[in-house]
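Read through the structure below, which is laid out as structure tokens, and then see the notes.
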Amino acid sequence: MNKKDQELIFELSQPGRIGYSLPELDVPEADLSVLLPAGYLREEEPELPEVSELDIMRHYTALSNRNHGVDSGFYPLGSCTMKYNPKINEDVARFEGFAHVHPLQQEETVQGAMELLYDLQEHLKEITGMDEVTLQPAAGAQGEWTGLMMIRAYHEENGDFNRTKVIVPDSAHGTNPASATVAGFETVTVKSGEDGLVDLEDLRRVADETTAALMLTNPNTLGLFEENILEIAEIIHGVGGKVYYDGANLNAVMSKARPGDMGFDVVHLNLHKTFTGPHGGGGPGSGPVGVKKDLIPYLPKPVLVKEEGVYRFDYNRPQSIGRVKPFYGNFGINVRAYTYIRSMGPDGLKAVTEYAVLNANYMMRRLAPYFDLPFNRHCKHEFVLSGKRQKKLGVRTLDIAKRLLDFGFHPPTIYFPLNVEECIMIEPTETESKETLDAFIDVMIQIAKEAEANPEIVQEAPHTTVIGRLDETAAARKPVLRYERELQNA
Ligand SMILES: *Cc1c(COP(=O)(O)O)cnc(C)c1O
């Protein structure tokens, strides 16, 4: 690594050096005091780094090369994986008619954009088996909250004010109990059995007339299909509750099975996961919510409707829970999801599901001899291993994750779900080639062997990255340590 790459842009600074060369001004310099009141104008020049054009370009190019993204390497982060980001999506999202519409434009001038949104809703209805869909929520968690608020409005409309509880399995994604709390419910945990599936006995015990809803992911967060789903839905419906489907990751069931046919009343999807929206850095997202007939009156308003070939936002929805997002969702992400669905077609989406499941099972079977496999059964789009065997040798799952960095792989999710000791959760996705899967598997096997023969190399990893093992707590609490150190030295 070139020393210059490691320096801060401020350290590259040389007095008087500038990054451009332009002719002298031949017009008077603008009088800023005309534009801004004097009180807002700075009195002294800001302290900016003084560098040449090449220095600044090379500095940022070098920084960008340190990033890991789905375009630079394998990203098997179970459950929240960065999935496929096809480049055709970017072309379509940049069409002038999509990129330049103003959110406050009159409806009659944006009929095309509204048609795209309406058609996307229709496709999502078909994929999920729901009766109506809203595209308003901006993320999965907001979709969850929106769905729960509709369930709440439904119960209250029925005079059912005692339904204060939302049941969530112990393997659930953390946003499920969080959304339930924000929607004003109390969460009750239902245990998973030895087989990783919802324990029906325990579910019967916790489900009662105070149950507002059960939130479930199927396949669950362990990558296992809840094969008793019809019975689970029956238990909850039997006590008057609603069944909520967390469909953030639909790669294992899309075009094969529909939440609407499994007895679910509400579903949210993450268009920024399964439906290929890029979501680096936490956004932007799109978390549409689909509902069965009973819940349609409570959908967030406005509702996008089509009447005699004309698209219109309907605000006259007296039972609506209200608006959950300004305008109508994250339009750009919805354009990308629409492009993906249309370019794949139904057979393409089915192939996605088949490859996602095949890839995960292939990887699980090849790794099973080297790691503990807590649930020895077919998985869906993801699977969990346990690093228990390695822990006995003094190598923790965190060390394994760090060692993967030495080989250029983004580590999988670790220590989640909480009900598996030393958990390693892997989602390969449908888009990776067999060569990439094999390369990752070979490295995992090598690390398992190192843990036996030479544990220090794993315990002290990473060795090849720009920054070595971080103090995880300090990294979260003091992200700009170096700058602080400089202030101290000044
Ligand atoms: C990602 C994810 C969520 C949350 O989605 P956000 O868009 O990050 O809010 C919820 N549930 C599951 C299973 C997820 O994987």
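Every residue gets a Cβ built from N, Cα and C, even glycine.
Whatever TrEMBL says is automated annotation, not expert-curated.
TrEMBL has this to say about the protein:
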MOD_RES   LYS273  N6-(pyridoxal phosphate)lysine
DOMAIN    353-453  domain 'Glycine dehydrogenase C-terminal'
For a three-state summary based on DSSP, what are the helix, strand and coil counts in the domain 'Glycine dehydrogenase C-terminal' (353-453)?
48 helix, 11 strand, 42 coil
Tell me, what is the mean pLDDT of the domain 'Glycine dehydrogenase C-terminal' (353-453)?
96
Inside 10 Å of the Cβ of LYS273 (N6-(pyridoxal phosphate)lysine), count up the other Cβ atoms and send me the figure.
26
